Amino acid sequence: MTILQEVARRRTFAIISHPDAGKTTLTEKLLLFAGAIQIAGSVKARKASRHASSDWMEIEKQRGISVASSVMQMEYRDCVINLLDTPGHQDFSEDTYRVLTAVDAALMVIDAANGVEPQTIRLLQVCRARNTPIITFINKMDREVREPLELLSEIESHLGMDAVPFSWPVGMGKSFGGVFDIRRDRMRLFRPGQERRNDDDEFIDGLSNPQIAERFGQAFEQASGEIELINEAAPAFDHAAFLAGKQTPVFFGSAINNFGVQEVLDALVDLAPQPGARQALEREVKPEEPKFTGVVFKVQANMDPAHRDRVAFVRVSSGRFERGMRLKVARTNKEMRPNNVVSFLSQRRELLDEAYAGDVIGIPNHGVLQLGDVLTEGESLRFTGLPFFAPELFQAVEVKDPLRTKQLRVGLTQLGEEGAIQVFRPEVAGGSLLLGAVGQLQFEVVAHRLKTEYGVEARMLPSRYTMARWITSENPKALRKFMDANAAHIAYDVVDAAAFLIGSSAQLRVAEELYPEVKFHAMREHGGKVFGDTL
């Protein structure tokens, strides 16, 4: 196949949702239906030996939440699907944001009982800012849930886009009878069962078929009235509007019962776009170009604790990747020849010989690659859009056993480069390392990982700081003067970018007034010392 044909087969998407909407379950079931796994690990059965394929880190298995993004590749209907499962917990929104820069579409999972929740809205704003097409799956229809028309209205008002139902529920909760496929004019009957595939599903054709009315009575009467209303009032599906992020196709189902999953998988193949062009600072990079380019959007330490390794997750932007090819790291101008490159089914790795635009490949390395790095066959390119946000919570960290100080620094350096936490080193000698986070759970996860992956018992101590701003100035003397005058508040992050740490916004306002030549930034690009203040 040509590069163009290979690119046309690719679909790369992320699954996003509020915590507990059933995202990890749906991820499992998509893998099951595509034939990538034989048995889905129930996320609820955490104490059993079976765990969700996409929740592989020890703390995820214990707590039943996704805290690191997982990457999985599978083939379905002659398409290569790259599925990125993201953390649902709000404390990990930065990691989710980084994943959303690497995909061409998003699958939004909504809990039918709760509707559109705050975390979903934040993630959707990121998708909207990038014009990422969104497919919506309304989950848990076999529970007591809200009215479907109400849910549609909520999606439209919160997301600012038209919701176009492709299927519609007949009943809900205990009286959930199935979903009616509006486009194919047939009803798929619901039968509970977690290990069931769709091979033996029962269908009844035709909205006006008396058989359906006979079997489902009042529930179908209500559903058919709603479907008629939708056919008259809702806009028709427009593929161009979907690709522009102005329409979202909506599906209903119950992921835990494998119901409605097939339709979503088919929609991903039929509707989601193939990889598109990506804008670098220097030029537009097209996926069908013969030369390889790729961007590191995630670094994960200790995917294999036995080897203490770090894997850089690279989204291929153009060309064809071949194992052993010579690549240039644009940030350092250094050359590398990765030989043991892998593709993923969560933590299960397979050696990879080639990859094309849209694919996500893993390059094991020992700190050579950082978040935001661009890999090319020689060209100097810079991609932006992979930010660190200024943390809002701070804790000092100390090691209980002074003999483990080196391991603490190694662990925090790796976790900081991975983006799991922000690590600040005080300018004043002898000060404790400071950790910065956007949510409290990040500290717990880091303490747990330091213990299990690096053998370090760390103490987290309260900090007087509540705010950080990276500092720059076009006048080096003005910057030095500011740093000398505020030495006790200056610290350096993992790329040695200087930051000003303070306890209140009032302190920031005073500093801005006293030092007009110094700029205070709420955001830093992962690619290095590139700063900004907004998304």
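Keep in mind that glycine also has a Cβ here, set from the backbone N, Cα and C atoms.
Quick look at what Swiss-Prot annotates:
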DOMAIN    8-276  domain 'tr-type G'
BINDING   17-24, 85-89, 139-142  GTP binding site
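Around the Cβ of Met141 (GTP binding site), the number of neighbouring Cβ atoms within 10 Å comes to 25. Within 10 Å of the C-beta of Ser17 (GTP binding site) we count 24 further C-beta atoms, all protein chains included. Classification of Met141 (GTP binding site) by DSSP places it in coil, neither helical nor stranded.
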